[in-house]
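S.K.: This structure is in structure tokens; I'll ask about it shortly.
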Amino acid sequence: MNAWEVNFDGLVGLTHHYAGLSFGNEASTRHRFQVSNPRLAAKQGLLKMKALADAGFPQAVIPPHERPFIPVLRQLGFSGSDEQVLEKVARQAPHWLSSVSSASPMWVANAATIAPSADTLDGKVHLTVANLNNKFHRSLEAPVTESLLKAIFNDEEKFSVHSALPQVALLGDEGAANHNRLGGHYGEPGMQLFVYGREEGNDTLPSRYPARQTREASEAVARLNQVNPQQVIFAQQNPDVIDQGVFHNDVIAVSNRQVLFCHQQAFARQSQLLANLRARVNGFMAIEVPATQVSVSDAVSTYLFNSQLLSRDDGSMVLVLPQECREHAGVWCYLNELLAADNPISELKVFDLRESMANGGGPACLRLRVVLTQEERRAVNPAVMMNDTLFNALNDWVDRYYRDRLTAADLADPQLLREGREALDVLSQLLNLGSVYPFQREGGGNG
């Protein structure tokens, strides 16, 4: 059956700031306390969405979350009106304010793990929300992510959206950022590659940075998504690269159809994994980048592998990269050699995503890949699909509500909270989502 990959990109939120919240993510740590520009960040993301949609790649948008997230501050013991809660936390424990104001939901590669209908036992598209258990600021995302996905994939005959796994370290799940799918045409059954960093009883672990994904979580997600057991491979990420800042697999590998583009040090027992994939995926091609050409350190600083690998109708592929790749002489030299070599990659598209990159999120972090048949595409909430009208409406919306300068101190401004809620109220109507945000269901909280 014919099917297409639709990229659902996260729209950057109004409180995008640099707080260094993500230990193990070196860009996040390095840019802590830098002044951010939320308006520019949102526009950079929108430009990528529109350019890819114009190039013929189906594209949609996932909206930001409510931030600062007052309900969690109340759970932490801060009381009073919403304004009083903000004032108290800013004075007594400002680190909590930064955590509950993070715009991290924009990296929707961590929103969920997807199983296309061609791979599932019941013939539905399955989406399991990620619990993002390893980081407090990200663990807050799951309930609203679930509401948003249910508002977008709202036809229960075709889509099953599953709640996140229990919030315990044993079941740490980071979503599609640790998941690849390999195969022929999108509509054919594919091989799902789940990548984990640790498992109970296995002492092969990173020592410097945490392994966020567990094998136990990956296995549970595969079960929830009803993936045919014959179409699943579980593989461990190389713990040495986690210790070099590869906090998700999509920082060191990306797949599309029959191609796996990865660093030669991406996986534990890599040669064994690639042999397994060759045996099980027709026409499988591994493009392994040698450390002699691109070091792990350079891969992390440029986000070479946090790229999007997209298929044209003729079978050729486009590699979507951040500007940092073009600015690094060694990486750009390698990429031009890649273009000249015998493989399906025939074009490089480069985007300026610096606002997101400074927090450790490149092109692949910003998108959730969902393979859909024509009938399934028609069943998706049409208001989220990118086109000229939506692009212009979202640009105007960003101009109206987003600040062009934000520091950690600004997060305590009650006006920022009000601006954010008004903006999301308007956006949820624009995207025909209904009342997906807690403040909409609670009448604006206790302000």
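One is the number of the first residue shown, and numbering goes on along the chain from there.
Keep in mind that glycine also has a Cβ here, set from the backbone N, Cα and C atoms.
Under the heading active site, Swiss-Prot lists E174, H248. Look at Swiss-Prot and you will find C365 tagged as active site, nucleophile, backed by sequence analysis. What Swiss-Prot records for 19-28, N110, 137-138, R212, D250, N359 is substrate binding site.
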S.K.: Among all the protein chains here, how many other CB atoms are within 10 A of the CB of N110 (substrate binding site)?
M.R.: 29
S.K.: Please give me the CB contact count at 10 A for E174 (active site), counting all chains in the structure.
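M.R.: Other Cβ atoms within 10 Å of E174 (active site): 29.
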S.K.: What Cα-Cα separation, expressed in whole Å, is found between A19 (substrate binding site) and C365 (active site, nucleophile)?
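M.R.: Just about 18 Å between their Cα atoms.
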S.K.: Tell me the coarse DSSP state (helix, strand, coil) of N110 (substrate binding site).
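M.R.: It is helical.
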S.K.: Please report the distance from the Cα of C365 (active site, nucleophile) to the Cα of N110 (substrate binding site), rounded to the nearest angstrom.
M.R.: 7
S.K.: Out of R138, H248, which of the recorded positions has the smallest number of neighbouring Cβ atoms within 10 Å?
M.R.: R138
S.K.: What are the sequence-distant neighbours of D250 (substrate binding site), meaning same chain, six or more residues apart, C-beta distance under 8 angstroms?
M.R.: A109, A176, A177, N178, F305, N306, A364, C365
S.K.: So of all those recorded positions, N110, R138, H248, which one's Cα sits nearest to E174 (active site)?
M.R.: N110
S.K.: Note down the number of other Cβ atoms within 10 Å of the Cβ of C365 (active site, nucleophile), including every protein chain shown.
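M.R.: Around C365 (active site, nucleophile), other Cβ atoms within 10 Å: 24.
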S.K.: How long is the line from the C-alpha of H248 (active site) to the C-alpha of R138 (substrate binding site), rounded to the nearest angstrom?
M.R.: 14
